């Protein structure tokens, strides 16, 4: 029997590996290389250009933290833009809120969505059966450029790393358009990379520097993601009005009775308490 392993480079001398039971599918699209694997520990997982995007085992952590943090701060959010998110997990979580009226999901590569609908129904379950969701298969940077000013209450940038198709989602122009199309009390959540390895930390600081120049409130929160580089991952929270701690509406969120596996309002508070080494790196962007 072949001993097959998937390995992802996290640094020049560091790799993360998962033993693979089956290589389910492989395709080169006009945008990127897509692969689906099955493993014992992490279930089915998929990669884009050799980087893990999500696994069945730990996807709930990422998808709960990108959605429930802003929703607990402003429970009146109604119109949401998801940039990226082709696996469907972010849409699944945000559509759990009955108060959400409209979700636009902009994914550059339709094949990601269609293949996740085949191999990862755990996350893609809401993509075709909720009338509030509209999928757009185009470049997110171009979508926000022509979107209506002040239209969205929440933007969730559920993107890949700043290489390949995701590179344009880490630019000044993109963040400027996000600020413009958000309502007066709008919130932007941005995939902020990891603070640990040098190359990832560089991209984290680069993104944070651009965002904090455009929003009066710009903070960073953390979560534990076992299959991402170092396991220590960050989101950026930027807002025109709401502070993620001072305006946390814990009682309101808890009254909804949403069952989560990772997020809770106590964790919400702690997620913004960053280690000193992360604070030091963020201060270097000042």
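Cβ atoms here come from the backbone N, Cα and C positions, even for glycine.
Lifted from Swiss-Prot, the feature list:
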ACT_SITE  158  active site, proton acceptor
BINDING   32, 107, 139, 140, 165  S-methyl-5'-thioadenosine binding site
BINDING   63, 87, 158, 159, 160, 161  spermidine binding site
DOMAIN    3-240  domain 'PABS'
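Where Swiss-Prot records a feature, it is marked here on the structure.
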| residue | record | contacts (Cβ under 8 Å, 6+ apart) |
| --- | --- | --- |
| 63 | spermidine binding site | 89, 90, 92, 93, 123 |
| 87 | spermidine binding site | 46, 53, 54, 59, 112, 116, 120, 123, 124 |
| 107 | S-methyl-5'-thioadenosine binding site | 84, 85, 86, 113, 135, 136, 137, 140 |
| 158 | active site, proton acceptor | 66, 82, 83, 84, 85, 90, 191 |
Rounded to the nearest angstrom, how far is the Cα of residue 139 (S-methyl-5'-thioadenosine binding site) from the Cα of residue 159 (spermidine binding site)?
11
Taking the Cβ of residue 140 (S-methyl-5'-thioadenosine binding site) as centre, how many other Cβ atoms lie within 10 Å?
28
Secondary structure of residue 140 (S-methyl-5'-thioadenosine binding site) (DSSP, helix/strand/coil):
helix
